[in-house]
Amino acid sequence: MENLLSVENAILITGPTASGKSALAVELAKRYGGAVVNADSMQVYDTLRVLTARPSEEEMQGVPHHLYGHVPAGAAYSTGAWLRDVSALLPALKAAGQLPVFVGGTGLYFKALTGGLSDMPEIPEGLREELRMRLVAEGPEGLHAELEAIDPAMSASLNRQDGQRIVRALEVIKATGRSIAEFHRRLGPVLIDADEARKIVVLPDRAVLHARINGRFEKMLQQGAESEVRALLALGLPAVAPVMKAIGVSQITAMLKGEMTREEVLEKGAAATRQYAKRQMTWFRNQMDESWERLAP
């Protein structure tokens, strides 16, 4: 990391889960007098600190950390909401003389941060909840048929099984009377100039990454992941709530119901994490251009 000599307005660090990027963010924040800003869509929630690998106080090493655990578990939180939070945070960091060090595995956050994002409308919570419940009851194909009737062009561009995007498209057209495609064509402001930021994508060797993932999931169970899932289930959130999709929730839930042993939870949880990391690695390789420094720790 000795070649990190020129840092202008920000440091951006991404990479797959368990790649060591959070520790790198702390190291660089300490070196440059910075503050760490979360760019992971699961670590924003106020539950599942252990299961989402949110940094502990010890791991933060006294470095300021922002946008971690600030969203209630059942709340909707989009890329647009994250950008608004970042926009509100940046002036305070600048006033404090702290360099923002963004770190996380949500690639879309980084794309929006440096390229802008469509200014999407606010959706009434009642409408959002209604469509989520219908997705559970009817499945994605039923909602896709409804979208096809009122927004055929948009429906044609979506996979019939992609329930999340189908629901999002229905939310927008029902709330505004306009296709989500119209909003996609209008980009909001760019918050970070990519040409003046140090950009790093951490891509460990696959064997190294898999070993880290296997050890991490076992450690999570030892540190209280089971209790976190119990507390989450007690909230009675719908299965389609984003936080319910965190890796490990379904496996630990099955164990709590007596449907899976601890050994099976370890095996299946680690396997799901490895699959997720593989998808992340593919996305980063395809989406992060040559201006992103590849780091193989």
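Placement of Cβ uses the backbone N, Cα and C atoms for every residue, glycine included.
These come from Swiss-Prot:
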- Gly15, Pro16, Thr17, Ala18, Ser19, Gly20, Lys21, Ser22: ATP binding site (BINDING)
- Thr17, Ala18, Ser19, Gly20, Lys21, Ser22: substrate binding site (BINDING)
- 40-43: region 'Interaction with substrate tRNA' (REGION)
- Thr106: site 'Interaction with substrate tRNA' (SITE)
- Arg128: site 'Interaction with substrate tRNA' (SITE)
- 164-168: region 'Interaction with substrate tRNA' (REGION)
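Distribution of Swiss-Prot features across the structure.
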residue: Gly15; record: ATP binding site; Cβ neighbours (10 Å): 27
residue: Pro16; record: ATP binding site; Cβ neighbours (10 Å): 26
residue: Thr17; record: ATP binding site; Cβ neighbours (10 Å): 21
residue: Ala18; record: ATP binding site; Cβ neighbours (10 Å): 24
residue: Ser19; record: ATP binding site; Cβ neighbours (10 Å): 27
residue: Gly20; record: ATP binding site; Cβ neighbours (10 Å): 17
residue: Lys21; record: ATP binding site; Cβ neighbours (10 Å): 24
residue: Ser22; record: ATP binding site; Cβ neighbours (10 Å): 25
residue: Thr106; record: site 'Interaction with substrate tRNA'; Cβ neighbours (10 Å): 19
residue: Arg128; record: site 'Interaction with substrate tRNA'; Cβ neighbours (10 Å): 17
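For Ser22 (ATP binding site) paired with Thr106 (site 'Interaction with substrate tRNA'), the C-alpha to C-alpha distance reads 13 Å.
The region 'Interaction with substrate tRNA' (164-168) scores a mean pLDDT of 92 in the predicted structure.
Using DSSP to sort the residues of the region 'Interaction with substrate tRNA' (40-43) gives these counts of helix, strand and coil: 0 helix, 0 strand, 4 coil. If you take the Cα of Lys21 (ATP binding site) and the Cα of Arg128 (site 'Interaction with substrate tRNA'), they are about 34 angstrom apart, rounded to a whole number. Taking H, G and I as helix, E and B as strand and the rest as coil, DSSP gives the region 'Interaction with substrate tRNA' (164-168) the counts 5 helix, 0 strand, 0 coil.
A Cα-Cα distance of 13 Å separates Ala18 (ATP binding site) from Thr106 (site 'Interaction with substrate tRNA'). Distance noted between the C-alpha atoms of Thr106 (site 'Interaction with substrate tRNA') and Gly20 (ATP binding site) is 15 Å.
Cβ proximity to the substrate site centre (mean Cβ of Thr17, Ala18, Ser19, Gly20, Lys21, Ser22, cutoff 8 Å) flags the following additional same-chain residues: Gly15, Pro16, Ala23, Ala53, Gly105, Val202, Arg212.
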